[in-house]
């Protein structure tokens, strides 16, 4: 009798697992389709003057107008809005993807630090642009400074033997301080909307910025896909990974560089101050209910996507900044996951 | 006999504090080496030196006959750290995912093959936790966690198991079952290095003992250790071996 009931329990558990797996795959499949659609739009917008693409682009604009007519909005007819949505959707994929490792590595403070370093990068970009007349992308400069910052953070953590240590905190506020000084020095030289970079603004997204985000998203997804196993092992048990002769320092460096890449891309819509939230909050929400690490990654990306789409709806509907709207939506999803998991908050430390 | 681990005049210090001083010893293939000593005596540091987690300040270390800095076949070592076993973190990793990590050193960047998956399933079966394969490691009891980590080591086809106080916080019954499993694995030819604070347990299981307190006080077979005064010398007391009978 007890054998039968144990067999029943196992069969029930298998069936629940099967349902969860199906739901996961459907969710991640939809997320993938939306992200691929947005990448497609970026490509189309880039190539809209070419023969075949121009016809497609005209058709796409009609579709946008049709959507506005259907929803009673004045959003989808504007390419700039699609551009911003594309950046948001891609951020919703890559930030939680990298964040899944970062949070469980107790390195979330690194994300915050790199966001502030990237801000210093934007400031340097503004200075270079205004003093030399160079007409390059601010984000490319921010990316270069962000990656340099990531390597510096890794160098510091290797030597201080602790993530989230005092040198990291000094770097966090130090790079922000340098950024504000540079901006103050170059005040009035350019018409750059610095507030947009601080708090996130749909209007900050330029065509170059959106294309850069598209390329960065592909790099991040490929980087994580190729090193998933190694990153998982190092995140779970770094010492055992070292004994297994994995190049732990190399993979840690890759993780912080990917974080810098995500942060620079995400800065456009989320803003420097809020960008780290997208690395952390979707992962915290997913970790509340996930039954495996793979499920955590999938759910984080799905939560990230829901937060971005929901946040955009709030931002556009109420005329509020996009960064705050997205983060508040993500926190609402997190609270729902806490309620859904019976109020048992899984403690995740954000620093070592 | 092949030396799995060979230390020659190894010294290591944290800053000005010497943790391990002039230790020379070898671990032969098939040995079950118990590493004992008082708290803070340098046991974990010595194990880390053996595995290449620390670089010695003086002396040399060889693993599987190769200088430690040239050794790259990590799949041959199954390591269960003190931190891993006491880890109560919230990272949602299933037993199957944890055991699969044992294959990562061998699989490189490629996808895991059917043979990899079979090795994982075999390892889970060998340690008797098939029913827990889809449970989260963080939800397991101490004894079950041990088995999951041992399965991870077995999945990598490890020739050497290195365990740092694996039964801290584990109840007596689970501990006995765990050590019986270690005995079986050792009988199958897997070399075991075990740090264990309970000297009675170590002398019952291990065929070789290394007793340290910064310096090496004894290295040899278990009988000679029990009869020697190394224990009292290392612990600085009139300590003696107490055998448990559960």
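Glycine is no exception: its Cβ is also placed from the backbone N, Cα and C atoms.
If you look up TrEMBL, you'll see A:25-47, A:80-102, A:109-128, A:134-156, A:168-189, A:209-228, A:248-266, A:297-320, A:326-348 marked as transmembrane segment.
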Inset, instruction - Using a Cβ-Cβ cut-off of under 8 Å, list the residues of the same chain that are 6+ residues beyond the ends of the transmembrane segment (A:168-189) and lie near it. - result: 109-110, 112-113, 116-117, 119-120, 122-124, 126-127, 130-131, 149, 152-153, 156-157, 272
Legend entry - Segment proximity, the transmembrane segment (A:297-320) to the transmembrane segment (A:109-128), 3 or more C-beta pairs under 8 Å: no
Inset, instruction - Can you tell me which of A:80-102, A:209-228, A:248-266, A:297-320 gets the most C-beta pairs within less than 8 Å of the transmembrane segment (A:134-156)? - result: A:248-266
Legend entry - Within-chain partners of the transmembrane segment (A:80-102) [C-beta distance under 8 Å, separation at least 6 from its ends]: 31, 34-35, 38-39, 41-42, 45, 64, 108, 110-111, 202-203, 205, 207, 209-210, 213-214, 216-217, 220-221, 224, 231-232, 235, 255, 258-259, 262, 265-266, 268-270, 275, 278-280, 282-283, 286, 293, 296-297, 300-301, 303-309, 311-312, 316, 322, 326
Legend entry - Folded-back contacts onto the transmembrane segment (A:248-266), same chain, C-beta under 8 angstroms, at least six residues removed: 87, 90-91, 94-95, 98, 101-102, 105, 107, 110-111, 114-115, 117-118, 121, 139, 142-143, 146-147, 149-151, 153-154, 157-158, 212-213, 216-217, 219-220, 223-224, 227, 230-231, 234, 238, 241-242, 275-276, 278-279
